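Right, one structure below, let's go through it.
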Amino acid sequence: MSTNRHQALGLTDQEAVDMYRTMLLARKIDERMWLLNRSGKIPFVISCQGQEAAQVGAAFALDREMDYVLPYYRDMGVVLAFGMTAKDLMMSGFAKAADPNSGGRQMPGHFGQKKNRIVTGSSPVTTQVPHAVGIALAGRMEKKDIAAFVTFGEGSSNQGDFHEGANFAAVHKLPVIFMCENNKYAISVPYDKQVACENISDRAIGYGMPGVTVNGNDPLEVYQAVKEARERARRGEGPTLIETISYRLTPHSSDDDDSSYRGREEVEEAKKSDPLLTYQAYLKETGLLSDEIEQTMLDEIMAIVNEATDEAENAPYAAPESALDYVYAK
């Protein structure tokens, strides 16, 4: 990372630091959830570790007052940037009534919050893609200046929903930003056993849209790609397919044993490019972050995480008689 790249992209010094703070908050919430899971307090974790830079860099490039996001299950960085809180995410992890995603009904990672235009996802992967296309179409019909931003893993890009959504969006030049977070594994299946093409973005040409592959460990590179896609969408030029390359630093989920399909040496080598470390180094090079500032930031974040954990652990579960609430609109 070279000096002051963020300024060349139109980001202020404060925005550049805020990106790091959001990445660090996502990581610390995620780490706490693993501890809670291993101590038997929450049943399931599906991690964002290693993908925070792509998620936060993308979110900062969007209009967070207007655009719609349709995140996939690892996108803690996206939803935090769009207004969810540590408390919201902990309520979801503990499946408590105050969980804003589903009132304690869904598994963690099924993000949804109407007030922040975070659209609820489903457990079958890639269902969010055609939904994003539908939102973009509705925005076009209602003459609203919005974009729909949708994410998915590289394994999900092999599903029919991806093809149908990408084709429809391209034909109708809809303002959709497709972002594939390629973390090298679809659960246990390595990338080279999933697809024959070199990059997921190579598929874009078949739909008649631009495709670009960027370093998912660099939030500024992702920011630039998403910003350009957002501007292109606003000009009425249609969708863009962005592929971010990162590495999943944890097992697929808390129920997975990744030692059965990848070695510790591979994971340890990937940790050398941990986006929190590389972006931290950039901020220190540019004089925006010092050890003292970082420690203060970490102390503040851990206080937030601790408070969110305590509140969620002590919060009530949903009443049994409310089990069928929210099935139908009233």
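Numbers here mean position along the shown chain, with the first residue as 1.
A Cβ is built for glycine as well, from the same backbone N, Cα and C atoms used for every other residue.
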Listed in Swiss-Prot for the substrate site shared with Phe44, Met107, Pro108, Gly109, His110, Ser123, one of Tyr72, Tyr73, Tyr185, Tyr191: Tyr73
Binding-site annotation, Swiss-Prot, Mg(2+): partner of Asn183, Tyr185 in Glu154, Glu164, Glu198: Glu154
Maximal Cα-Cα distance (Å) across residues annotated as binding substrate, namely Phe44, Tyr73, Met107, Pro108, Gly109, His110, Ser123: 14
CB-centroid shell, 8 A cutoff, Mg(2+) site Glu154, Asn183, Tyr185, site residues removed: Gly153, Gly155, Glu181, Asn182, Lys184, Ala186, Tyr191, Arg248
Within-chain partners of the region 'Disordered' (249-272) [C-beta distance under 8 Å, separation at least 6 from its ends]: 34, 37-38, 44-47, 49-50, 185, 187-188, 190
Site with most surrounding Cβ atoms, counting all protein chains shown within 10 Å, from the binding-site residues Phe44, Tyr72, Tyr73, Tyr185: Tyr72
